[in-house]
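*Asks:* Pulled from TrEMBL, these are the listed features:
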REGION    1-38  region 'Disordered'
REGION    50-154  region 'Disordered'
COMPBIAS  98-118  compositional bias 'Basic and acidic residues'
ACT_SITE  HIS263  active site, nucleophile
BINDING   LYS265, LYS495  substrate binding site
ACT_SITE  HIS493  active site, proton donor/acceptor
SITE      SER518  site 'Interaction with DNA'
Amino acid sequence: MSQEGNYGRWTISSSEESEDEKPEPDKPSTSSVPCAGQGAVKELSYTCSEARKAAHRRQISPVKFSNADSVSPAKKQRSSSQEDLGWCLSSSDDEREPETQQKQAEHVVVKEEKDIPSPKDGAPQRTGNHGPPASHRLKEEEDDYETSGEGQDIWDMLDKGNPFQFYLTRVSGIKPKYNSKALHIKDILSPLFGTLVSSAQFNYCFDVDWLVKQYPPEFRKKPILLVHGDKREAKAHLHAQAKPYANISLCQAKLDIAFGTHHTKMMLLLYEEGLRVVIHTSNIIREDWHQKTQGIWLSPLYPRIDHGTQGSGESKTHFKADLISYLTAYNAPPLQEWIDTIQEHDLSETNVYLIGSTPGRFQGSQKDNWGHFRLRKLLKEHGTSIPKAECWPLVGQFSSIGSLGADESKWLCSEFKESLLTQGAENKTPGKSSIPLHLIYPSVENVRTSLEGYPAGGSLPYSIQTAEKQNWLHSYFHKWSADTSGRSNAMPHIKTYMRLSPNSSRIAWFLVTSANLSKAAWGVLEKNGTQLMIRSYELGVLFLPSAFGLASFKVKQKFSSGSQELAPPFPVPYDLPPELYGSKGETWAQGTMGGGLASFKVKQKFSSGSQELAPPFPVPYDLPPELYGSKDRPWIWNIPYVKAPDRHGNMWVPS
């Protein structure tokens, strides 16, 4: 059925979606635009979403921009306007998590998260048959990919100086200084982290051949368990991928509620020396570890509990019991061995809280175990009261949006916002309805000028079908900007939520998770609020200041000359204050230095409870978020963008 609206003209299936049911899978636009070169396109080796398939097609067979009178290719991150990009409106996606989109009509499994091989930074994509086949070029890029490199650098990153253990993934094509404290999957699986015995990979999308190559050669035959949610053809395809590897076994997560997905991203790494838990936001495919902004939480190395030792190895955040409860919810025999392994280790050093979602309908106290009610419970029990809380906005940042209803009152600003606004037991914040909610989602211009160009939009699967039904959402959107981490041009696949102070200098809490902005991920109340229904598996970690002995977290801010409080600490190479010699030694005195500022701050040791000495929390994007301008439009994957080229000189034609 052909339709026309603020986005232009497009064709979609005739099926209608309701507020509570997921629609038929999104069909790419069939607008009359130039088509890419004809002929067979090499299919991806793993199952993925229609959005990622479209991006893959456009990388293998790009549609070159040829109108010399139109906007020139973007060279830098920003461009002045989107008025010529061919459409207008807000963004969102059907209730099926973008990652939950599944294509039934075409024997293909649709998963929100699968991306396309991205081009080398700065290298325009080629068209026609010039040079080696695209598949060979991508293989060459993969082989050339640099990881963190020096082992000592990794150890430096993991020392006690980083109490949060929150990292970003490395991004190819940005300044090296912004990758100095980032990790690639090869780093995480490095023998420097431990002598691997076995591992479990929980994820949404898997490229098995690629995964195996990320393990060091000496670990590639160690047992690997893949926990997935694939069914039918997709399941058969995944089993076929794993068949050549005798050490790989699979565990299918049960998804009994329609349109749910296994969206959790976690690694369990058992070493001879102990156990490590890694909770992150990347699919197990090369594209997600190449030129995207992704988040990682690394646990400490958990030692094995000695027999006869008193204590359960539980942390003050109850992390051990909560992780076991999450794994138990799968009701899957292959996970029992990992549950037993966790029981045998001491997780007492954990300082984050686990927030998971599992499919089901939950009543009574069980409602508080999962989804946004789990977040509500933790913020109520462990959140620190904040002065003038009505002035502290909420920030949500994600790569996909589900069907949220006809207006904000249906879910977003009712039950979901209520959970995020909870702050301590009192929870009597006046004017709750007026507390700002800032939603960060990339604009068309963000995508067009990104390192990957338009194909980056393959992992931002908002559909036109949903967007047209949620125009009210537009006013909440803010641009993606991450100069603070050098990642403004690396499109986000990370998902984060936080409570920000009015001057953007502190946060009351921070959550990194696999959960996008959807009812399928977070849950929706049913039966007059007595029941919480969740469709998908999700997992994240919550950072609360109280677990670090703090009232709130400082956040890193941009430095400008003369801004005393924002000035970076001077790198004095030794500990301060100096320690006086004992009775048999000689004393030493330190002089002071002057400079353009009134004084230099110096980096000091952080100890729990020292609020002013605590390092800033590494929020990966710029604060405060910048609201969309009048000409900014949210990225929608299944309509064409042909009036302005991306940085590689290409247009976006999804069909």
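Every residue, even glycine, has its Cβ placed from backbone N, Cα and C.
The structure displayed is predicted, hence computed values, not measured ones.
I'd like to know what surrounds each of these features in this structure.
*Replies:* The local packing around HIS263 (active site, nucleophile), expressed as other Cβ atoms within 10 Å of its Cβ over all shown chains, amounts to 33.
Close to LYS265 (substrate binding site) in the fold, though at least 6 residues off in sequence, lie PHE202, ASN203, TYR204, ILE279, HIS280, THR281, SER282, ASN283, SER514, LEU539, each with a CB less than 8 Å from its CB.
Cβ neighbour count for SER518 (site 'Interaction with DNA'): 31 (other Cβ atoms within 10 Å of its Cβ, all protein chains included).
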*Asks:* Distance check, please: Cα of SER518 (site 'Interaction with DNA') against Cα of HIS493 (active site, proton donor/acceptor), rounded to an integer number of angstrom.
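*Replies:* Here the two Cα atoms are 15 Å apart.
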*Asks:* Taking only the Cα atoms, work out how far HIS493 (active site, proton donor/acceptor) lies from HIS263 (active site, nucleophile), in Å, as a whole number.
*Replies:* 13
*Asks:* At the Cα level, what's the spacing in Å between HIS263 (active site, nucleophile) and LYS495 (substrate binding site), rounded?
*Replies:* 12
*Asks:* Which entry in the list of recorded positions, HIS493, LYS495, has its Cβ near the fewest other Cβ atoms, using 10 Å as the limit?
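*Replies:* Fewest other Cβ atoms within 10 Å, among the recorded positions HIS493, LYS495, is found for LYS495.
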